């Protein structure tokens with residue numbers, strides 16, 4: 001669900017409130033403006049919530065599915081749930097108001113925290129699942145030996161702590177020193193992190209918490225596909241070797257003198 005956050009960051013990463021956005025003839029409250037993006041966000045939020053809930057119910061109601069690997073899946077579902085319940089409604093309102101924020105500083109801070117924190121948690125939860133899949137196919141014996149519900153729970157918790165440690169310094173610095181005012185004159189501005197002022201942090205966040213997990217996920221798909229392909233070819237080759245001796249023995253069997 002990161003498409004909205006990324007598009008807003010790209011559009012406003014170096015944004016300074018322009019004369020267009022602070023015109024004195026703007027109304028005190030921005031008008032709601034429905035768009036295709038807003039309608040898609042509503043649909044995606046509802047569909048995502050229902051889809052994640054369905055997967056959770058399937059796992060919860062089937063005890064054989066209570067496996068260490070599915071702990072990672074439930075962790076991802078939890079991140080998706082929180083993102084759709086806490087961040088997405090505010091993001092939809094932000095879009096409807098034309099990327100202006102009339103809802104106050106407190107909600108703006110909450111919106112930015114949920115945006116940067118939860119979406120990065122989701123990215124890195126996907127990364128954790130990808131790493132576990134790589135481990136499972138490249139080292140199945142060690143994976144089966146060391147994987148446990150406890151280890152899965154600890155690693156999943158570690159994702160939340162890891163992202164918090166990365167996100168907190170930038171958001172705190174931005175809130176204390178660099179965040180643009182939400183209101184100038186009669187106009188409302190956007191609720192955004194001032195990435196122009198704290199660009200080193202923003203660059204690290206983008207590459208370490210967003211881009212790198214995507215690289216790992218793509219690598220996992222390639223590695224899993226390659227390993228499965230190699231295993232399939234080995235299985236076919238083994239089956240052929242098992243059949244060929246039987247054919248040879250049948251051909252070399254002495255003929256019965258009564259034949260012919």
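Glycine too: its Cβ is placed from the backbone N, Cα and C atoms.
Taken from TrEMBL, the feature transmembrane segment applies to 38-60 (among others).
Annotated domain 'G-protein coupled receptors family 1 profile' per TrEMBL: 51-260, in sequence order.
Among the features that TrEMBL reports, transmembrane segment is placed at 72-94 (among others).
Below 8 angstroms of C-beta separation, residues 69, 72-73, 75-76, 155-156, 159, 213, 216-217, 219-220, 223-224, 227-228 of the same chain, each at least six residues beyond the ends of the transmembrane segment (128-146), sit close to that stretch. Taken from TrEMBL, the feature transmembrane segment covers 128-146 (among others).
For 158-178 (among others), the entry in TrEMBL reads transmembrane segment. Sequence-distant contacts of the transmembrane segment (158-178) (same chain, six or more residues past either end, CB-CB distance under 8 Å): 75, 109, 112-113, 116-117, 120-121, 124-125, 128, 193-194, 197-198, 201-202, 204-205, 208-209.
TrEMBL lists 198-227 (among others) with the feature transmembrane segment.
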